[in-house]
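Worksheet: the structure to be examined is printed underneath.
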Amino acid sequence: MTNRNLTTAAGAPVGDNQNVQTAGPRGPVTLQDFWLIEKLAHFDREVIPERRVHAKGSGAFGTLRITHDISRFSKAKVFDTIGKETKIFMRFSTVAGERGAADAERDVRGFSIKFYTEEGNWDIVGNNTPVFFIRDPLKFPDFIHTQKRDPRTNMRDANTIWDFWSRSPESLHQITILMSDRGIPKNYRQMHGFGSHTFSMINADDERVYVKFHFKSMQGIENYTNAEAKKVIGEDRESAQRDLFDSIEKGNFPRWRFCIQVMPEREALARAENPFDITKTWSQKTYPLLDVGVIELNRNPDNYFAEVEQSAFTPANVVPGIGFSPDRLLQGRLFSYGDTQRYRLGINHHQIPVNAPLNPRHTPFHRDGAMRADGNLGGTINYEPNRFGLFQEDAAAREPSQSMEGAIAHYSHRQDDDYFSHPRALFELFDEGERQRLFDNIADAMAGVERDIVERELALFEGIHADYAAGVRRALGKPAPVSETALP
Ligand code: HEM
């Protein structure tokens, strides 16, 4: 049997792990007690920066199994055979809370999937909602600042949240989802997932279609009310982590149907409504869901830090046959994730096993850098072109051209001012009970908010539906302002 005795990081045996070395039995500690120093120094550095958003999360490994042929849309090898299985890693999260936040908060849930395909890693970094609060990446830091703590009080502030939302009417669709019954999923298994943005698929003939990704929970949907969630949080801050971990340990493997909506490229360019606007959905009547496969989670990580905390997803990780769209929010994200991961985990984070692709990497120009943990590609040359003809690009991986036109400018995303039709369609689907809970949840979330902010938001709800504004006003117990009540 191998010797399992304790050693230092350098491999030397440790003589005493109970008592520090001191000058005399009651004297001070010596500086030469290097084991104490190594142990404390390592402990002092154990915490790495948490994710700026989605800091609290849970993860698991599993598989994607292809059930339908979509090779007419995408040449990606992950889709090339019915029955094909690809390993995946998924991470779920809440958005606003810090790493120790409670799971059962009213918040959007992150829904990230890393597909370890034979052509490299493909990541979908989505949410449990098909839309988002904003549509221009310049506003993301502002938006997140309103969701996080106030710089002076260090508390979350409902005034800040509603001040921003009431001045950002594009948020109405997502607010309506967040404040609805679906705002507090009971766990990560019983919620749907969405890629949310529009992406491209490219087939073997270099034809492009635009797609949306949907993941339909095969466990059904379950949610908490505010009152239920309060009770759960009082008893268990890790309710979703516990549910996911325990379910997988018991062999109760969660599954989702992986579906796509497809829009031909010509149609996308000709449509009156911008198909690249993440605050809007695509009609499922016009663009029905097409099945692609089933994802299943069936293995818990062995080590949370190594595999979940150090996992790094980015929408920029695509493989040939899958591409982006002009969605300006997506374009901002393509930069932000790799950038934050170079800071959070370091330039060599691709070497961390959970992030490393299964196929061999040939990136001979990425050398050196902090925490280079492999052989640093030994004596392999580190430039191209070279006299050996090494490291040639693969023209087959090139995307077909994408037609765009127009002069460079800061075009206002408010040129499209239809903030209301999509949340209205959703509101009209709600029955009486769902509407009442929506009103009550909004009133709860608005507790203590200044009158002018409330009135600005109510005016936006009025734009969605008179019953929406009236219902929230009733739930708030607030009479309409004098000027409004005076109207006939
Ligand atoms: C995490 C930025 C919009 C879903 C993150 C992180 C950053 C970020 C910096 C931390 C990543 C890390 O440390 O590994 C942004 C920016 C956005 C944006 C700049 C808009 C311009 C969105 C949208 C979605 C989304 C629209 C969903 C549709 C997620 C998820 C995570 C995340 C799921 C957690 C990933 C994980 O599990 O590790 N985002 N985000 N984000 N974001 Fe975004």
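Cβ atoms are placed via backbone N, Cα and C, with glycine included.
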May I ask you to indicate which of 1-25, 126-150, 151-175 is given in TrEMBL as region 'Disordered'? 1-25
Among all the protein chains here, how many other CB atoms are within 10 A of the CB of His54 (active site)? 22
Rounded Cα distance, in Å, between Tyr337 (heme binding site) and His54 (active site) is 12
Taking the Cβ of Asn127 (active site) as the centre, count every other Cβ atom within 10 Å, in any protein chain shown. 23
The rounded CA-CA distance in Å from Asn127 (active site) to His54 (active site) is 10
Packing count at Tyr337 (heme binding site) (other Cβ atoms within 10 Å of its Cβ): 19
